[in-house]
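Chemist: Input: one structure, supplied below.
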Amino acid sequence: RFQIQRGKTDPTSYKSLGDCFRTIFHREGALGFYKGIFPPILAETPKRAVKFFTFEQYKKLLGYASLPPGLAFAVAGLGSGLTEAVVVNPFEVVKVTLQTNRNAFTEQPSSFVQARQIIQTDGLGFQGLNKGLTATLGRHGVFNMVYFGFYFNVKNILPVNKDPHLEFLRKFGIGLVSGTIASIINIPFDVAKSRIQGPQPVPGEIKYKTCFKTMATVYKEEGFLALYKGLVPKIMRLGPGGAVMLLVYEYVYAWLQDT
(Lines of atoms letter the chains of each structure in order from A and count residues from 1; the text may use other names and numbers.)
(Lines give C-alpha, C1' and ligand atoms only; values in the text may rest on other atoms or scores of the structure.)
Protein backbone atom coordinates (compact mmCIF):
# COMPACT_ATOMS: atom_id res chain seq x y z
CA ARG A 1 0.00 0.00 0.00
CA PHE A 2 2.83 2.44 0.79
CA GLN A 3 4.14 1.86 -2.72
CA ILE A 4 1.15 3.78 -4.06
CA GLN A 5 3.47 6.77 -4.29
CA ARG A 6 1.17 9.79 -4.12
CA GLY A 7 2.13 13.48 -3.94
CA LYS A 8 2.35 15.39 -0.64
CA THR A 9 -0.80 17.40 -1.36
CA ASP A 10 -2.74 14.32 -2.46
CA PRO A 11 -5.35 13.27 0.15
CA THR A 12 -4.49 9.62 -0.49
CA SER A 13 -0.81 10.15 0.37
CA TYR A 14 1.02 8.63 3.35
CA LYS A 15 3.77 10.53 5.20
CA SER A 16 5.98 7.53 5.95
CA LEU A 17 5.96 3.74 6.13
CA GLY A 18 4.94 3.94 9.81
CA ASP A 19 2.18 6.43 9.03
CA CYS A 20 0.95 4.11 6.30
CA PHE A 21 0.62 1.17 8.72
CA ARG A 22 -1.05 3.27 11.44
CA THR A 23 -3.49 5.00 9.09
CA ILE A 24 -4.59 1.80 7.35
CA PHE A 25 -5.05 -0.05 10.65
CA HIS A 26 -7.09 2.74 12.27
CA ARG A 27 -9.23 3.57 9.24
CA GLU A 28 -9.67 0.23 7.56
CA GLY A 29 -8.76 -2.45 10.10
CA ALA A 30 -6.31 -5.32 9.76
CA LEU A 31 -7.92 -6.50 6.50
CA GLY A 32 -7.04 -3.15 4.94
CA PHE A 33 -3.46 -4.40 4.56
CA TYR A 34 -4.73 -7.05 2.14
CA LYS A 35 -6.68 -4.82 -0.23
CA GLY A 36 -6.08 -5.66 -3.85
CA ILE A 37 -4.48 -9.01 -2.99
CA PHE A 38 -6.59 -11.08 -5.40
CA PRO A 39 -5.29 -9.55 -8.69
CA PRO A 40 -1.62 -10.24 -7.73
CA ILE A 41 -2.54 -13.81 -6.76
CA LEU A 42 -4.21 -14.32 -10.14
CA ALA A 43 -1.32 -12.68 -11.98
CA GLU A 44 1.62 -14.11 -10.03
CA THR A 45 1.84 -17.56 -11.62
CA PRO A 46 1.48 -16.44 -15.27
CA LYS A 47 3.67 -13.40 -14.52
CA ARG A 48 6.58 -15.49 -13.21
CA ALA A 49 6.09 -18.08 -15.94
CA VAL A 50 6.23 -15.39 -18.62
CA LYS A 51 9.28 -13.73 -16.98
CA PHE A 52 11.49 -16.81 -16.91
CA PHE A 53 10.13 -18.61 -19.99
CA THR A 54 10.53 -15.59 -22.26
CA PHE A 55 13.95 -14.84 -20.76
CA GLU A 56 15.11 -18.26 -21.92
CA GLN A 57 13.55 -17.80 -25.36
CA TYR A 58 15.07 -14.35 -25.89
CA LYS A 59 18.41 -15.66 -24.66
CA LYS A 60 18.30 -18.43 -27.27
CA LEU A 61 17.34 -16.00 -30.04
CA LEU A 62 20.15 -13.64 -29.07
CA GLY A 63 22.56 -16.54 -29.36
CA TYR A 64 22.23 -16.15 -33.15
CA ALA A 65 23.13 -12.44 -32.95
CA SER A 66 26.71 -13.02 -31.76
CA LEU A 67 26.28 -10.62 -28.83
CA PRO A 68 28.72 -10.76 -25.90
CA PRO A 69 27.20 -13.05 -23.23
CA GLY A 70 27.01 -10.24 -20.67
CA LEU A 71 25.02 -8.00 -23.01
CA ALA A 72 22.83 -10.90 -24.17
CA PHE A 73 21.65 -11.54 -20.59
CA ALA A 74 20.66 -7.88 -20.16
CA VAL A 75 18.86 -7.66 -23.52
CA ALA A 76 17.04 -10.95 -22.90
CA GLY A 77 16.01 -9.56 -19.51
CA LEU A 78 14.70 -6.41 -21.16
CA GLY A 79 12.65 -8.46 -23.62
CA SER A 80 11.20 -10.65 -20.88
CA GLY A 81 10.28 -7.58 -18.83
CA LEU A 82 8.46 -5.91 -21.72
CA THR A 83 6.53 -9.11 -22.41
CA GLU A 84 5.72 -9.56 -18.73
CA ALA A 85 4.42 -5.98 -18.51
CA VAL A 86 1.83 -6.55 -21.24
CA VAL A 87 0.48 -9.57 -19.32
CA VAL A 88 0.44 -7.99 -15.88
CA ASN A 89 -0.73 -4.41 -16.56
CA PRO A 90 -4.51 -5.03 -16.41
CA PHE A 91 -4.08 -6.75 -13.05
CA GLU A 92 -2.01 -3.79 -11.85
CA VAL A 93 -4.75 -1.32 -12.81
CA VAL A 94 -7.34 -3.27 -10.79
CA LYS A 95 -4.95 -3.71 -7.85
CA VAL A 96 -4.00 -0.04 -7.63
CA THR A 97 -7.66 1.02 -7.92
CA LEU A 98 -8.61 -1.27 -5.03
CA GLN A 99 -5.64 -0.26 -2.88
CA THR A 100 -6.36 3.45 -3.20
CA ASN A 101 -9.95 2.91 -2.09
CA ARG A 102 -10.06 4.17 1.53
CA ASN A 103 -13.29 2.32 2.39
CA ALA A 104 -13.17 -0.64 4.75
CA PHE A 105 -12.14 -3.97 3.24
CA THR A 106 -15.69 -5.36 3.53
CA GLU A 107 -17.19 -2.30 1.80
CA GLN A 108 -15.02 -2.24 -1.31
CA PRO A 109 -16.00 -4.05 -4.54
CA SER A 110 -14.47 -7.40 -5.43
CA SER A 111 -11.67 -7.60 -7.97
CA PHE A 112 -14.01 -8.86 -10.69
CA VAL A 113 -16.61 -6.15 -9.98
CA GLN A 114 -13.87 -3.49 -10.01
CA ALA A 115 -12.48 -4.79 -13.31
CA ARG A 116 -15.97 -4.77 -14.84
CA GLN A 117 -16.54 -1.20 -13.63
CA ILE A 118 -13.25 -0.05 -15.20
CA ILE A 119 -14.15 -1.72 -18.53
CA GLN A 120 -17.69 -0.33 -18.54
CA THR A 121 -16.51 3.20 -17.69
CA ASP A 122 -13.24 3.50 -19.62
CA GLY A 123 -12.94 0.39 -21.81
CA LEU A 124 -9.94 -1.85 -22.42
CA GLY A 125 -7.63 0.82 -23.84
CA PHE A 126 -5.06 3.21 -22.43
CA GLN A 127 -7.68 5.07 -20.40
CA GLY A 128 -9.16 1.87 -19.00
CA LEU A 129 -7.82 -1.58 -18.20
CA ASN A 130 -4.50 -0.85 -19.91
CA LYS A 131 -3.96 2.56 -18.37
CA GLY A 132 -0.32 3.28 -17.59
CA LEU A 133 0.98 0.55 -19.91
CA THR A 134 4.02 2.61 -20.98
CA ALA A 135 5.07 3.13 -17.37
CA THR A 136 4.56 -0.58 -16.66
CA LEU A 137 6.68 -1.45 -19.70
CA GLY A 138 9.41 0.80 -18.34
CA ARG A 139 9.11 -0.61 -14.83
CA HIS A 140 9.33 -4.28 -15.83
CA GLY A 141 11.69 -3.80 -18.77
CA VAL A 142 14.30 -1.87 -16.77
CA PHE A 143 13.93 -4.11 -13.71
CA ASN A 144 14.43 -7.37 -15.61
CA MET A 145 17.25 -5.94 -17.71
CA VAL A 146 19.24 -5.05 -14.57
CA TYR A 147 17.99 -8.06 -12.58
CA PHE A 148 19.03 -10.76 -15.04
CA GLY A 149 21.97 -8.85 -16.48
CA PHE A 150 23.60 -8.15 -13.11
CA TYR A 151 22.89 -11.60 -11.66
CA PHE A 152 24.28 -13.74 -14.47
CA ASN A 153 27.26 -11.48 -15.19
CA VAL A 154 28.34 -11.30 -11.54
CA LYS A 155 27.60 -14.99 -10.95
CA ASN A 156 29.92 -15.91 -13.82
CA ILE A 157 32.68 -13.68 -12.43
CA LEU A 158 32.64 -14.78 -8.79
CA PRO A 159 34.16 -18.25 -8.30
CA VAL A 160 31.85 -21.19 -7.64
CA ASN A 161 32.06 -22.62 -4.12
CA LYS A 162 32.36 -26.39 -3.81
CA ASP A 163 30.43 -26.41 -0.53
CA PRO A 164 26.71 -26.56 -1.55
CA HIS A 165 25.63 -24.44 1.44
CA LEU A 166 28.16 -21.71 0.67
CA GLU A 167 27.26 -21.91 -3.03
CA PHE A 168 23.61 -21.40 -2.09
CA LEU A 169 24.57 -18.32 -0.06
CA ARG A 170 26.72 -17.03 -2.93
CA LYS A 171 23.79 -17.21 -5.35
CA PHE A 172 21.35 -15.82 -2.79
CA GLY A 173 23.65 -12.87 -2.07
CA ILE A 174 24.05 -12.05 -5.77
CA GLY A 175 20.28 -12.36 -6.25
CA LEU A 176 19.63 -10.09 -3.28
CA VAL A 177 21.93 -7.41 -4.68
CA SER A 178 20.41 -7.86 -8.16
CA GLY A 179 16.87 -7.32 -6.88
CA THR A 180 17.94 -4.33 -4.78
CA ILE A 181 19.85 -2.55 -7.57
CA ALA A 182 17.07 -3.23 -10.08
CA SER A 183 14.51 -1.78 -7.64
CA ILE A 184 16.57 1.38 -7.15
CA ILE A 185 17.00 1.93 -10.88
CA ASN A 186 13.41 1.24 -11.98
CA ILE A 187 11.44 2.95 -9.19
CA PRO A 188 10.85 6.24 -11.09
CA PHE A 189 8.79 4.18 -13.56
CA ASP A 190 6.97 2.66 -10.59
CA VAL A 191 6.13 6.11 -9.23
CA ALA A 192 4.86 7.19 -12.66
CA LYS A 193 2.76 4.03 -12.95
CA SER A 194 1.16 4.59 -9.54
CA ARG A 195 0.36 8.23 -10.32
CA ILE A 196 -1.20 7.36 -13.69
CA GLN A 197 -3.16 4.32 -12.53
CA GLY A 198 -4.22 5.72 -9.16
CA PRO A 199 -6.76 8.45 -8.39
CA GLN A 200 -5.91 11.88 -9.79
CA PRO A 201 -5.32 14.71 -7.24
CA VAL A 202 -8.32 16.69 -8.53
CA PRO A 203 -11.43 14.59 -9.31
CA GLY A 204 -12.45 14.88 -12.95
CA GLU A 205 -9.09 16.36 -14.00
CA ILE A 206 -6.39 14.06 -15.43
CA LYS A 207 -3.05 15.43 -14.26
CA TYR A 208 -0.85 12.37 -14.84
CA LYS A 209 -1.19 11.08 -18.41
CA THR A 210 2.04 9.68 -19.88
CA CYS A 211 5.08 8.05 -18.32
CA PHE A 212 7.86 10.56 -18.93
CA LYS A 213 5.59 13.59 -18.63
CA THR A 214 4.48 12.28 -15.23
CA MET A 215 8.11 11.87 -14.15
CA ALA A 216 8.85 15.44 -15.26
CA THR A 217 5.82 16.76 -13.35
CA VAL A 218 6.78 14.91 -10.17
CA TYR A 219 10.37 16.16 -10.43
CA LYS A 220 9.30 19.75 -11.08
CA GLU A 221 6.69 19.94 -8.32
CA GLU A 222 8.13 17.67 -5.63
CA GLY A 223 11.83 17.32 -6.32
CA PHE A 224 14.17 14.51 -7.35
CA LEU A 225 13.61 12.37 -4.24
CA ALA A 226 9.88 12.18 -4.97
CA LEU A 227 10.77 9.84 -7.84
CA TYR A 228 12.05 7.40 -5.21
CA LYS A 229 8.97 7.33 -2.99
CA GLY A 230 8.21 3.85 -1.70
CA LEU A 231 11.78 2.63 -2.26
CA VAL A 232 12.18 1.02 1.19
CA PRO A 233 9.10 -1.26 1.00
CA LYS A 234 9.95 -2.04 -2.62
CA ILE A 235 13.46 -3.22 -1.66
CA MET A 236 12.02 -5.14 1.31
CA ARG A 237 9.81 -7.01 -1.15
CA LEU A 238 11.99 -7.40 -4.24
CA GLY A 239 15.45 -7.70 -2.66
CA PRO A 240 14.98 -11.05 -0.89
CA GLY A 241 12.02 -11.95 -3.13
CA GLY A 242 14.14 -11.48 -6.23
CA ALA A 243 16.88 -13.65 -4.75
CA VAL A 244 14.44 -16.47 -3.97
CA MET A 245 12.96 -16.35 -7.49
CA LEU A 246 16.37 -16.62 -9.11
CA LEU A 247 17.38 -19.52 -6.86
CA VAL A 248 14.18 -21.41 -7.64
CA TYR A 249 14.72 -20.74 -11.34
CA GLU A 250 18.36 -21.88 -11.17
CA TYR A 251 17.69 -25.12 -9.31
CA VAL A 252 14.58 -26.05 -11.30
CA TYR A 253 16.40 -25.32 -14.56
CA ALA A 254 19.36 -27.48 -13.47
CA TRP A 255 17.00 -30.26 -12.44
CA LEU A 256 15.21 -30.17 -15.81
CA GLN A 257 18.55 -30.25 -17.64
CA ASP A 258 19.52 -33.42 -15.72
CA THR A 259 16.23 -35.25 -16.32
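Note: Cβ is positioned from N, Cα and C throughout, glycine not excepted.
In TrEMBL, annotation is done automatically, which means it is predicted and not curated.
From TrEMBL, here are the annotated features:
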type: REPEAT; residues: 1-61; note: repeat 'Solcar'
type: REPEAT; residues: 68-157; note: repeat 'Solcar'
type: REPEAT; residues: 166-255; note: repeat 'Solcar'
Chemist: Return the average pLDDT for the repeat 'Solcar' (1-61) as a whole number.
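Modeler: Its mean pLDDT is 71.
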Chemist: Taking helix as H, G and I and strand as E and B in DSSP, count the residues of the repeat 'Solcar' (166-255) in helix, strand and coil.
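Modeler: Residue counts for the repeat 'Solcar' (166-255) by secondary structure: 74 helix, 0 strand, 16 coil.
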